[in-house]
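Q: Got a structure here, written out as structure tokens. Questions coming.
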Amino acid sequence: MKVDGKHFRSIWRERDGWSVGAIDQRRLPHEFVVAKLTSCEDAAVAIRDMLVRGAPLIGATAAYGMALAMRENASDAGLKRAYETLVVARPTAINLKWALDEMRATLAPIDPAERAEAAYARADEIVEQDVEINRGIAGNGLKLIEAIAAKKPGEVVNVLTHCNAGWLATVDWGTATAPIYLAHERGIKVHVWVDETRPRNQGASLTAWELGHHGVPHTVIPDNTGGHLMQHGMVDLAIVGTDRVAANGDVCNKIGTYLKALAAHDNGVPFYVALPSPTIDFAVDDGIRDIPIEQRSGTEVTDMTGRTADGRLETVRIVPEGSPVANYAFDVTPARLVTGLITERGVLKADRASLAAAFPERIAAAAE
Ligand SMILES: CSC[C@@H](O)[C@@H](O)C(=O)COP(=O)(O)O
């Protein structure tokens, strides 16, 4: 997508052919800084510290992390170590394990001397596949936006989204934002309500930044505002992303997604989840029971970083010293609250049969 007219992706192979460039998302929206990853450890730290984040981008970074590892040590032991280092970098987004499994399946059977080149080639494929998948999601989700636009000619279609499931969370296009960008390109009047998404504020810091730089009308709202807007007919549909969809259609996403789904259900607002197929975990039967929920540092709750009036970046504490805090990073929205799953293979019902019918090859792989 575009940053002030120039096309960017969130991650890429640098001109030297081996190191990896990525936008440092911890610095946005205040500074646009590109980080250079030169080792497997760099990739693992980038994922853990959220220099990169968002389920598909975590997977893409891990794939390049394996490639960087193969330059250093392409032995069987090196492959095992790289996998084990990267797979624990963050627990909830299944795209991380999916990408690492793909890389290992490519690399394990071949001669160590050929592994580095093969690893870069497979990582590049994973990255390109992400972009293609998101284009598919864009086209399938566009139909939903078009249908709403057709019912209110000349009026704006209002979409609510949570966290950042935009191009910064993927390689390009995003998942939840892909249909929005396409609708905007096609001249449909679309406006996005952007949940700020405490505690890390991915909505306020990242979604607002990318929509703004691409020229898509949007408004940042405090997290608790969605219910009010829905009660007053100010949201036509909600589209969110996800870090893992269970085989039964339960959807794990950024903390607070569940509350939005409840409010949408109560107000008859369609609640869609956009996802690439690598985000489906057919090994998990019941999302609420079995998806691991990451708990992050309490400082994300106690502290806020922002730009002061005189232009400095400053971190301040907003919670009394000594007050305990909890920081659950994700929650699970039960399938019954999900109107549909926007995938690269169409808009599906959030249930076991629909997911299995759309992605039979993934079921077969999960059974292996
Ligand atoms: C297309 S990204 C989908 C999800 O990964 C996204 O909605 C989300 O919850 C990101 O969480 P984050 O903690 O910023 O990695």
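Heads up, the Cβ atoms here are built off N, Cα and C, so glycines get one too.
What TrEMBL says about a protein is an automatic prediction, not a curated fact.
What you are looking at is a predicted structure, and each value in this text was computed from that prediction instead of being measured.
Heads up, here are the entries from TrEMBL:
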ACT_SITE  Asp243  active site, proton donor
BINDING   Arg53, Gly54, Ala55, Arg90, Gln202, Asn253, Lys254  substrate binding site
SITE      Cys163  site 'Transition state stabilizer'
Q: Using C-alpha atoms only, work out the spacing between Asn253 (substrate binding site) and Cys163 (site 'Transition state stabilizer') and round it to an integer in Å.
A: 9
Q: How many whole Å apart are the CA atoms of Arg53 (substrate binding site) and the residue listed as 'active site, proton donor'?
A: 10
Q: Mind telling me which of the recorded positions Arg53, Asp243, Lys254 has the densest Cβ neighbourhood, counting other Cβ atoms within 10 Å?
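A: Answer returned by the neighbour count: Asp243.
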Q: Counting every protein chain present, what is the number of Cβ atoms, excluding its own, within 10 Å of the Cβ of Cys163 (site 'Transition state stabilizer')?
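A: I get 30 for this one.
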Q: Using a 10 Å radius around its CB, how many other CB atoms surround Asn253 (substrate binding site)?
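A: Within a 10 Å radius of the Cβ of Asn253 (substrate binding site) lie 29 other Cβ atoms.
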Q: I'm trying to understand the geometry here, so how far is the Cα atom of the residue listed as 'active site, proton donor' from the Cα atom of Lys254 (substrate binding site), in Å to the nearest whole number?
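A: A Cα-Cα distance of 8 Å.
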Q: For the substrate site (Arg53, Gly54, Ala55, Arg90, Gln202, Asn253, Lys254), what does the 8 A shell look like? I mean other same-chain residues with CB within 8 A of the CB centroid.
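A: In sequence order, the nearby non-listed residues are Ile58, Thr92, Ala93, Cys163, Asn164, Ala165, Ala169, Gly241, Asp243, Ala329, Phe330.
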Q: Among Arg53, Gly54, Ala55, Arg90, Gln202, Asn253, Lys254, which the record lists as binding substrate, how far apart in Å are the two most distant Cα atoms?
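A: With Arg53, Gly54, Ala55, Arg90, Gln202, Asn253, Lys254 as the binding residues for substrate, the largest Cα distance is 17 Å.
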Q: Fewest neighbouring Cβ atoms within 10 Å: which of the binding-site residues Gly54, Ala55, Arg90, Gln202?
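A: Comparing Cβ neighbours within 10 Å for the binding-site residues Gly54, Ala55, Arg90, Gln202, Arg90 has the fewest.
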Q: Helix, strand or coil: which one is Gln202 (substrate binding site) in, per DSSP?
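A: Assignment for Gln202 (substrate binding site) reads helix.
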Q: Provide, as an integer number of angstrom, the distance between the C-alpha atoms of Ala55 (substrate binding site) and Cys163 (site 'Transition state stabilizer').
A: 12
Q: Take the C-alpha atoms of Arg90 (substrate binding site) and Cys163 (site 'Transition state stabilizer') and report the distance between them in angstrom, rounded.
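A: Here the two Cα atoms lie 17 Å apart.
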Q: How many whole Å apart are the CA atoms of Cys163 (site 'Transition state stabilizer') and Gln202 (substrate binding site)?
A: 5
